[in-house]
Amino acid sequence: MLIIETLPLLRQHIRRLRQEGKRVALVPTMGNLHDGHMKLVDEAKARADVVIVSIFVNPMQFDRPDDLVRYPRTLQEDCEKLNKRKVDYVFAPAVEEIYPHGLEGQTYVDVPGLSTMLEGASRPGHFRGVSTIVSKLFNLIQPDIACFGEKDFQQLALIRKMVADMSYDIEIVGVPIIRAKDGLALSSRNAYLTAEQRKIAPGLYNVMNRIAEKLIAGNRELQEIIAIAEQELNEKGFRADDIQIRDADTLLELTETSKRAVILAAAWLGQARLIDNQSVTLAQ
């Protein structure tokens, strides 16, 4: 496994891979890797000749400076995990390599609508940062496929739209959420949880399950369903941030013709902002 930190060396290897006709898969990450990331790697390995994992804590997508400072950086441990998984390349650039002139005045990529709705409304600039760094990685690495987790449901939808709108010839693969045995979605931010909070954390998944049961049963009183869910989370020790029930295909409000719904949930537990989602097939 080769660790690459500079753009010239990355470009040199990408040119060689292209000359050899290799099928390249990209797994973009911010590091602090867990089993969910390893599932992305496994999916990439199954679909390509060469797997490149990027590890870059992208300052452009953090809406809170303290969150950027606190974000876990575990490059050595991450590389050890990826080496055991027989990943071919790790691209781990410094911030100065990606943004040599700083963020002020940096050209960015913005996906209208999806960037500012739902999660984007509560985290201004976040999705603009995501689409910009992903676009830069696509331009640098020129992958045939790229793997993203379905845990970040809106992010995946945004990237799919960006790829379509910008005419990238890249297959976007969504990989299902990996959960702990108690249902908690794996996330790098779970590291912020205390031992006591970790016991409470699966409550977010349990609340989503109860919402799903109501939707499957035909209940469409969405405001009431959401209010009950938020109250339940707050009683469990969470601070409910945002719960939405949307059309899974458009992320717009549900209509009578919607075939699938997605429950999008975000809640604070101590210093950790947990997000999760669940899709539901609706009775027609």
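Note: Cβ is positioned from N, Cα and C throughout, glycine not excepted.
As annotated by Swiss-Prot, active site, proton donor applies to H37, with the evidence given as sequence analysis. If you draw a 10 Å sphere around the CB of H37 (active site, proton donor), it holds 26 other CB atoms from the protein chains shown.
Annotation comment: Swiss-Prot describes 30-37, 149-152, I178, 186-189 as ATP binding site. DSSP gives G36 (ATP binding site) a helix state. Other Cβ atoms within 10 Å of the Cβ of G36 (ATP binding site) number 20 in total over all chains.
There are 20 other CB atoms within 10 A of the CB of Q61 (beta-alanine binding site), with all protein chains counted. Q61 (beta-alanine binding site) falls within a helical segment according to DSSP. According to Swiss-Prot, the beta-alanine binding site annotation covers Q61.
Annotated (R)-pantoate binding site per Swiss-Prot: Q61, Q155, in sequence order, evidence recorded as sequence analysis.
According to DSSP, I178 (ATP binding site) sits in a coil region rather than a helix or strand. Between the CA atoms of H37 (active site, proton donor) and E150 (ATP binding site) there is a gap of 11 Å. Taking only the Cα positions, the spacing between Q155 ((R)-pantoate binding site) and L33 (ATP binding site) is 18 angstrom. Q155 ((R)-pantoate binding site) counts 22 other C-beta atoms within 10 Å of its own C-beta, drawing on all protein chains shown.
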